[in-house]
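Listed in TrEMBL for this protein:
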{"type": "TRANSMEM", "residues": "B:12-30", "note": "transmembrane segment"}
{"type": "TRANSMEM", "residues": "B:36-55", "note": "transmembrane segment"}
{"type": "TRANSMEM", "residues": "B:62-81", "note": "transmembrane segment"}
{"type": "TRANSMEM", "residues": "B:87-108", "note": "transmembrane segment"}
{"type": "TRANSMEM", "residues": "B:115-133", "note": "transmembrane segment"}
{"type": "TRANSMEM", "residues": "B:164-184", "note": "transmembrane segment"}
{"type": "TRANSMEM", "residues": "B:215-239", "note": "transmembrane segment"}
{"type": "TRANSMEM", "residues": "B:251-276", "note": "transmembrane segment"}
{"type": "TRANSMEM", "residues": "B:296-317", "note": "transmembrane segment"}
Amino acid sequence: MTTATIIQSLASGLLMGLLYGLIAAGLALIFGLMDVVNFAHGEFLMIAMYVTFFLFAFFAIDPLLAAPLVAAALFVFGAVVYLLVVRFAMRAKANVGMVQIFATFGLAIVMRGLAQFFFTPDYRSIPHSWLGGQTISFGGIYLPVPQLVGAGVSILAFTALFFFIKKTDFGRALEATREDAGAVALVGIDKNRVFALGWGLGAALVGLAGAIMAMFFYIYPDVGASFALIAYVTVALGGFGSVFGAFAGGIIVGLVEASTALILPPSLKSVGIYAVYLLVVFIRPRGLFGSI
Amino acid sequence: MDNSFAQRRRRDLLLAAGFTAVAALVPLFVKDVYVQNIMVLTLMYAALSQSWNILGGYCGQISLGHALYFGLGAYTTALLFSKFGVLPWFGMIGGGLISAVIAMALGYPCFRLRGHYFVIATIVIAEIAYLLFLNWDWAGAALGIDIPVRTDSWLTFQFTRSKLPYFYFALGFCVVAWLVTFWLQDSKWGYWWRAVKDNPDAAESLGVVVFNSKMGAAAVSAFLTAVGGSFYAQFVSYIDPESVMSFHFSLLMALPAVLGGIGTLWGPVLGAVILIPLTELTRSFIGGSGRGVDLIVYGTLIVLIALARPEGLIGLFSRKRKGASR
């Protein structure tokens, strides 16, 4: 193992980590807002990848251009899911936690079934995108362009999110609702509207990630499952509900995954991520950046 | 108060005896192998979910990683039998004990975690075990283990010609899991668990040893789950990590309890009786083409029950009874 190999894999790990952060951002946002873990988050990613694929296949729109469209489509989807399913799950009087887990999990199964039904279980990919398959070399280190652009999009998205939450009325309403939903209702903010918009925004973020992922990853009905667990770990590492914790969590997960792949067989690379999660929560039961 | 408590216990026991007697007679009339197969699976999941319910329902520690114990039971039995010729019955007890010990070893750090941190830890631990077994050559890695066929007998717990012995074992397993729950729920452990579930801090302050009672629940739950895994290995006679240790199994163990009524004596049985035949039937009648209709039906059912009956389907019965007694 030479220094060059190590730097090479850490660099790829960092890029992947920034994408993991972007995938997890929406999950963290929704959790922070209303204490709900969306167990269909991976399926949101899967839908985003399919939307990207079909925009490419039918209208020849490159994934890079499609990204904002996919984000917009997912925004609508997320808000609808809140209004049709999650809103009712939150009204449960018994077993609230379990109801939320199983309502969103049931939704995930339905989405996977629908994807199999309409899109077939075949693996699809976008063969000729503008960036797909290209690499850039920085002093002997080769970086795939789609991942590099994805990392850039992730940083941009997190920056935009930061200003959005701090500077806009909706962002402030979001922050206020997460602090105290009851008090927010007293000053005339419609809690349901904020939640619906929060779900929309969370889904839009994963939509952005899906459009990027579609450039270099196979698209199939179960694709979400492999990323969902990583997203939960990312969010938990950062401290549930902290959107910027998810950013840091993503980077850690990417780097740990890349380092594990250096030492263990590639099929075991996720073991490193899971082990780090356990190590962190055993030492700090509320994640790295969560308040104790 | 005491009177109605004794009445409730007597009623539950009578119901259980009645159901068991009826269930034991069913295979005498239903000869179809396909239907018998579904009945075996239904009983097995009822028992597994009953075991899950001890930790997840009564004690409130939601584990979505019970596939670990199921897999350990299956692998212990299959490995001991195929490598060393040890009879499955020893593998079953051994797998149960190993699982109970591992559950306590894992519980030691994990029971300090709360809420989603705990749930994710259980998923992640089972996933690590799954990946390790997938790469463990001696245990067959991804190819799994074919359990060698010997003579059909209760000693080798192999029956190639009939499903009936499996059916009666599954029924017995289900009854045992039910009786364990029945006995535990009104023992001091049962009260501790409910106290821990409702409010761990208050329970601690009232002298409930929160940590120990979680450990106890985990050990019992893991032991029974491993027995189920061991049974499953004998029943299907071929196992691989995907078929005994994947996340899917963790969910299948939790779902019947959640749908039927989490933390209730009859919830897991009711949930399994509805869920498992429904899954199997949709899979074979409409899902045969691999087009996902079975998933759509199954997922929709989960969403609808979760939204409409958050306390589980068992709520339908208690309401009726209340109405009748008025």
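Here the Cβ of each residue, glycine as well, is placed from N, Cα and C on the backbone.
A quick note: this is a predicted structure, and the numbers were derived from the prediction, not measured.
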Mind checking which residues reach the transmembrane segment (B:251-276)? Cβ under 8 Å, same chain, six or more beyond either end. 12, 15, 19, 38, 41-43, 45-46, 48-53, 56-58, 60, 62-64, 66-67, 70, 174, 178, 181-182, 185, 194, 197, 225, 301-302, 305-306, 311-315, 317
Using Cβ distances below 8 Å and needing 3 or more such pairs, separated by at least 6 in sequence, tell me whether the transmembrane segment (B:164-184) contacts the transmembrane segment (B:215-239). yes
Proximity of the transmembrane segment (B:62-81) to the transmembrane segment (B:296-317), 3+ C-beta pairs under 8 angstroms: no
Long-range Cβ neighbours of the transmembrane segment (B:12-30) (under 8 Å; 6 or more residues past either end): 36, 39, 43, 164, 167-168, 171, 175, 178-179, 182, 265-266, 269
What same-chain residues lie close to the transmembrane segment (B:115-133): Cβ under 8 Å, and 6 or more beyond its ends? 61-68, 71-72, 75, 106, 139, 141, 241, 245-247, 250
